[in-house]
Amino acid sequence: MTRFIFVTGGVVSSLGKGIASASLAAVLEARGLKVTILKLDPYINVDPGTMSPFQHGEVFVTDDGAETDLDLGHYERFIRTRMTKRNNFTTGRVYETVLRKERRGDYLGGTVQVIPHITDEIKRRILAGGDGVDIALVEIGGTVGDIESQPFLEAVRQLKVELGNQRALLMHLTLVPYIATAGETKTKPTQHSVKELRSIGLQPDILLCRSEKEIDVDSRRKISLFTNVEERAVVPLPDAKSIYLIPRLLQSYNLDQIVLDKFGLEAAETDLAEWDEVVRREQNPEHAVTIAMVGKYMDLLDAYKSLNEALLHAGLHTLTKVKINYINAEDVETQGVSILEDADAILVPGGFGERGLEGKLMAVRYARENKVPYLGICLGMQTAVIEFARNVLKLDGANSTEFDRKSPFPVIGLITEWINEEGKVETRDESSDLGGTMRLGAQECHLEENSRIREIYGKANIIERHRHRFEVNNRFLDQLRQGGLRIGGWSSDDTLVEVVEVPDHPWFVACQFHPEFTSTPRDGHPLFTSYIQAAVEQNERAK
């Protein structure tokens with residue numbers, strides 16, 4: 001029987017509901033409980049797949065091909081449970097489902113309303129998402145008081161009544177600002193945030209109080225008095241030097257035990273040894289490297305959230321402090337490759353659109369010709385192939401049909417047919433919708449014998465997540481191979497190129513898949529670990 005923890009935020013956005021939810025889930029998992037987390041997004045887009053990274057940040061892809069909120073990446077990095085399309089839904093998705101039912105006649109001609117039809121669909125999705133686990137945390141996006149959040153909060157209110165106190169509790173994350181000139185923390189914003197919640201019928205059971213520094217006992221007592229939350233359940237959550245300290249921080253305030261007490265559950269003692277080891281590795285590096293990440297969305301680093309984290313995870317597993325130098329690809333075009341000279345390794349991540357392409361190609365060429373370790377991901381693999389075609393094979397005008405449909409040498413082209421994660425054939429053409437039409441989700445890849453990528457993974461077949469609609473054009477494979485480019489991996493049906501390598505290079509690997517989506521701080525990822533190790537060796541050679 002699943003218990004639900006509903007997580008809301010108040011006062012301001014970006015307080016860290018996702019990290020707080022994931023950290024609590026990690027502590028509960030460390031007590032032997034099976035945990036999952038849902039993210040409910042109030043925006044009207046069906047999913048974030050077509051949203052600009054500047055608007056939304058990264059689109060995180062699950063094994064089953066769902067394009068989801070980046071918070072699901074945090075969830076997977078903190079707990080062992082794999083997220084699926086059930087773990088994230090939006091207002092747009094809910095309305096789409098309800099309207100489809102209305103068109104089908106499921107409501108028998110009745111008037112379709114927010115209550116009960118929209119709220120019922122939200123409740124149905126929450127209960128389905130929590131099926132089969134001990135505890136499901138449900139994070140409501142946005143801030144209490146937002147007009148977009150109202151149907152979700154009403155659904156939570158109804159579920160709390162229907163499930164009862166033994167199966168549902170509300171945890172509210174709020175800001176307790178520290179006013180330096182007065183030398184004190186202010187509890188009024190929290191009081192008003194809870195007042196707003198109570199006005200719609202929701203009484204928090206737990207308050208997580210975000211603050212610059214730990215709030216004192218008197219402030220906690222005052223918050224407890226004015227919000228009707230027991231004092232021990234007013235939990236401080238001060239700024240931390242590392243997000244990996246937060247599970248231990250929450251456990252030190254007995255938040256996990258408070259949750260279990262409220263649910264009437266018993267569980268094993270907390271074992272956070274793995275997280276303590278992560279923190280130990282983070283705080284005791286033996287090496288330091290600089291990675292030049294050359295991309296398009298450098299003004300919003302959340303656009304590469306999983307990639308940033310994967311590089312840091314690799315640093316943990318090689319005892320290396322990883323500094324990421326974020327370089328706008330257009331700056332390479334205007335300033336030249338000299339801005340890459342301090343890098344121990346170069347990385348070109350995924351992306352869409354032609355802007356910055358030439359700068360990425362310049363970065364690839366610099367890495368290839370100067371023997372600097374290079375990792376290309378998704379578009380980073382496609383740019384590696386284009387650069388190789390232009391500068392090694394001398395195919396002037398080689399390009400992707402995404403950027404130039406009239407290219408004389410279209411070495412990258414649209415995928416028109418592939419097998420999806422369910423084993424079904426999917427087809428697309430130039431007129432297909434942009435939303436939800438890419439090759440998405442976990443796909444099996446076959447790694448070639450004697451390739452670097454097979455040596456890195458240590459096995460012949462791997463499963464990695466994808467998000468793309470363009471691929472290497474097989475018409476040019478013979479030329480690419482003859483020129484010295486090695487095909488390191490293929491799709492399961494041996495029709496799509498998954499990995500390319502430059503053999504006469506210390507470390508040059510580019511992949512069509514997104515390995516960053518499966519990297520975690522506790523386990524790392526073999527590809528990133530090998531890449532950072534190559535950067536360490538490059539750094540030592542340069543000394």
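In case you wondered, yes, glycine gets a Cβ from its N, Cα and C as well.
According to Swiss-Prot, the features are:
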type	residues	note
ACT_SITE	C378	active site, nucleophile
ACT_SITE	H514	active site
ACT_SITE	E516	active site
BINDING	S13, D146, I147, E148, K186, T187, K188, P189, T190, Q191, K222	CTP binding site
BINDING	S13, K186, T187, K188, P189, T190, Q191, K222	UTP binding site
BINDING	S14, L15, G16, K17, G18, I19, D71	ATP binding site
BINDING	D71, E139	Mg(2+) binding site
BINDING	G351, L379, G380, M381, Q382, E402, R469	L-glutamine binding site
DOMAIN	290-541	domain 'Glutamine amidotransferase type-1'
REGION	1-265	region 'Amidoligase domain'
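Features per Swiss-Prot, on structure.
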residue : record                   : DSSP (3 states)
S13     : CTP binding site         : coil
K186    : CTP binding site         : coil
Q191    : UTP binding site         : helix
K222    : CTP binding site         : helix
G351    : L-glutamine binding site : coil
L379    : L-glutamine binding site : helix
R469    : L-glutamine binding site : coil
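Following the DSSP three-state reduction, the secondary structure of E402 (L-glutamine binding site) is coil. If you draw a 10 Å sphere around the CB of L379 (L-glutamine binding site), it holds 27 other CB atoms from the protein chains shown.
On the backbone, the CA of E402 (L-glutamine binding site) and the CA of I147 (CTP binding site) stand 39 Å apart. Shown in sequence order, G9, A20, S21, H74, L173 are the same-chain residues outside S14, L15, G16, K17, G18, I19, D71 whose Cβ sits within 8 Å of the Cβ centre of the ATP site.
Considering other CB atoms within 10 Å as the measure, the emptiest surroundings among the recorded positions L15, I147, C378, M381 are those of I147.
Of all the binding-site residues listed (T187, T190, Q191, Q382), Q191 has the fewest other CB atoms within 10 A of its CB. E402 (L-glutamine binding site) is surrounded by 19 other CB atoms, counting those within 10 A of its CB over all protein chains shown. What surrounds the L-glutamine site, by Cβ distance within 8 Å of the Cβ centroid and not counting G351, L379, G380, M381, Q382, E402, R469, is the set G350, F352, C378, T383, S400, I412, H468, F470 from the same chain. Most other Cβ atoms within 10 A: among the recorded positions K17, K188, R469, H514, that distinction falls to K17.
On its own chain, P189 (UTP binding site) has G10, V11, T174, L175, V176, P177 as residues at least 6 apart in sequence with a Cβ closer than 8 Å to its own Cβ.
Mean per-residue pLDDT, taken over the domain 'Glutamine amidotransferase type-1' (290-541), amounts to 91. Ranked by Cα separation from K186 (CTP binding site), the binding-site residues I19, D71, L379, Q382, R469 are led by I19. Across the fold, the C-alpha of R469 (L-glutamine binding site) and the C-alpha of the residue listed as 'active site, nucleophile' stand 10 Å from each other.
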